[in-house]
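Chemist: Sharing the record's features from TrEMBL:
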- 41-301: domain 'G-protein coupled receptors family 1 profile' (DOMAIN)
- 26-50: transmembrane segment (TRANSMEM)
- 62-90: transmembrane segment (TRANSMEM)
- 102-129: transmembrane segment (TRANSMEM)
- 150-170: transmembrane segment (TRANSMEM)
- 198-226: transmembrane segment (TRANSMEM)
- 246-271: transmembrane segment (TRANSMEM)
Amino acid sequence: MNSSKSPGLAGFGVLKNTTCHMDKKISVFFSITFMTVGILSNSLAIAILMKAYQRFRQKSKASFLLLASGLVVTDLFGHLINGAIAVFVYASDKDWIRFNQYNILCSVFGICMVFFGLCPLFLGSVMAVERCIGVTKPIFHSTKMTSRHVKMMLTMVCLFAVLIALLPILRFRLYQIQASRTWCFYKTEHVEDWEDRFYLLLFSCLGLLALAISFLCNAVTGITLLRVKFKSQQRQGKSHHFEMIIQLLAIMCVSCICWSPFLVTMARIGINENRSKETCETILFALRMATWNQILDPWVYILLRKAVLKNLYKITRGCCGVHIVNLHMWELSSIKNSLKVAAISESPSSKQINLQPLNSMGQ
């Protein structure tokens, strides 16, 4: 059926012949668990961010806190809105014909799924770019990366994600009820029209591009931090080198592991017209993996801080009995202190100071 011609019955054809069989109790348990854990973890992260913002008001720290706040708030509302709709669908026994006659709820659900799926990926890539600029060009970052610019980037990222989510509605292509009858998304069954393929490929390509940008920028940041650490003979800021490298590794691993299955599955459906019998279960598994990324985001970006790493170091040192790094290296945790050596080396004033002894010796 053409959804543009029959909006009141859009997506209901998939409800009659579905190949996806799930245990209702297990599915409800997954939805409620993901929703509860996501809301609690992101709420805790928001509280920590607010406390940290009251303590640190440096420009380098403020930009990171603003971006991290946008990411955590987006994840929180994603769990709250999508989780509430999913629980309502389960409570209504997935009877879409009764409460979704005009496809309004399905369209809202699909828009939220796309927006709260792409927006954290975009914000993660923006944070990676911001960290890369702060490490490689600390002077430019401290002078040009102001709070106003960061807020503008947050607004642009959200507006772009909203545009992608509203694109099918603007083209009079309604979101479809999926084979599991528990969520709405782009058309994933019998995809033959080029526009339906375009939406799936656009979503997956944008998500994979955001992951690629994050991976590349985090790799450059990690290599730069290691170079600064090995070249510098000073001890100040070394603690943040270890902290940042561990965070970068965790960010790359969590994002790639959680989001790659869903993005690759959507791309495969958009490219390949033939579908296997396990497609519904595969999509649900990939969707739950992507949901875990929004649960782990606050723990990776916010809660994996110096205090946690310091305690882990103490436990590891006590168990292994190996002296790896002196604890006096854990002095300060701000980005400004960790990049102080690189900033001084790039500043023109330091070059002039180094030239003055040479001129005096020549005289």
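Glycine is treated like the rest: Cβ placed from N, Cα and C.
Fair warning: this is a prediction, and the values are worked out from it, not measured in the lab.
Show me how these features fit into the structure around them.
Modeler: Taken together, the residues of the domain 'G-protein coupled receptors family 1 profile' (41-301) have an average pLDDT of 83.
Counting residues 6+ beyond its ends, the transmembrane segment (102-129) has Cβ neighbours under 8 Å at 3, 7-8, 10-11, 64, 67-68, 70-71, 74-75, 77-78, 81-82, 85, 96, 153-154, 157-158, 160-162, 164-166, 168-169, 174-177, 183-186, 203, 206-207, 209-211, 213-214, 216-218, 221, 251, 255, 259, 290, 293-294, 297, 301 in the same chain.
Residues 62-63, 66-67, 70, 74, 107, 110-112, 114-115, 118-119, 122-123, 126, 130, 186, 199, 202-203, 206 of the same chain, all 6+ positions outside the transmembrane segment (150-170), place their C-beta atoms under 8 angstroms from a C-beta of that stretch.
Outside the transmembrane segment (198-226) by six or more residues, the chain places 114, 117-118, 121-122, 124-125, 127-129, 131-132, 135-136, 164, 167-168, 173, 186-188, 191, 241, 244-245, 248-249, 251-252, 255-256, 259-260, 262-264, 266-267, 269-271, 338, 342 with a CB less than 8 A from a CB of the stretch.
If you look at the transmembrane segment (246-271), the same-chain residues 6 or more away from its ends with a CB under 8 A from one of its CBs are 121, 124, 128, 131, 186, 188, 191, 196-201, 203-205, 207-208, 211, 214-215, 218, 221-222, 279, 282-283, 285-287, 289-290, 292-293, 296-297, 300-301, 304, 309.
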